[in-house]
């Protein structure tokens, strides 16, 4: 029969390789049109041609649970069990991304934990877009690195239960695997080296540029005192020019000043002269007292003249 596994096939994980796919899905694949027409009589060499014709990945879809061509070819490879070198060439093929994914799927189902990490982790650097068909028959956009990440960490992929994998940390401690080096780490190292070179180029420029004047610790620690209003210094001519102009006196004040000046200008002058004369003369205080208490002879003669006139009348 066409659905039997080849005679010289080895058991995988202690069972028939075709039994890695669930029985319900396996029977749906056997009944599908693609399996009967395209997968009949395929060998390891002819599978490559069919893999190059793939346009999307996926498991089963629709209400009738129809399998995708990707799932049919996966079961066919489990049936014929190609050699490991052929699968490695599938994975290393960079021209056809769906051929690469088909080889990665087969390696994940049949390979050991060490082989899965060794051959699938380099595909993390493949960021090409792929189409994936979901259960409703709708297409979704994915990337190759996303598909590989799900293969290594998910429990189910393309409606197939994936075998258990040992943790990478355990394999590293057993020295079966080397620590993984990410492509991002290499890019970061290149960026750091370029930044260090730029810093070294900038250092001589900084040494040549003069340093700005620094204040002494006294200037920094001592708080600045604002000048007291009582002993302020006179403003410089620049500050005077910048200071706001004084307000012009009101017209009422000007009138009061004019009245005060116009009252007795001669009187003010005579008083100022008398004060200067008194300050110069030594007997100023005595003469002032004498004048205030004693009457002058002229005033006496005037009074006697008035009395004589009254007597004659």
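Note that Cβ sites are derived from N, Cα and C of the backbone, with glycine treated the same way.
What you see is a predicted model, and the numbers here were worked out from it, not measured in a lab.
Per Swiss-Prot, the feature region 'N-terminal protein interaction domain' maps to 1-179; the stated evidence is similarity to another entry.
Taken from Swiss-Prot, the feature coiled coil applies to 172-201.
Marked as region 'Disordered' by Swiss-Prot: 182-313.
The compositional bias 'Acidic residues' annotation in Swiss-Prot covers 184-202. For the compositional bias 'Acidic residues' (184-202), DSSP puts the residue distribution at 19 helix, 0 strand, 0 coil.
Among the features that Swiss-Prot reports, compositional bias 'Basic and acidic residues' is placed at 203-224.
Summarising the annotation, Swiss-Prot assigns compositional bias 'Basic residues' to 225-250 (among others).
If you look up Swiss-Prot, you'll see 260-294 (among others) marked as compositional bias 'Basic residues'.
The compositional bias 'Basic residues' annotation in Swiss-Prot covers 302-313 (among others).
Among residues of the same chain six or more beyond the coiled coil (172-201), those with a C-beta under 8 A of the stretch's C-beta atoms are 114, 117-118, 121, 124-125.
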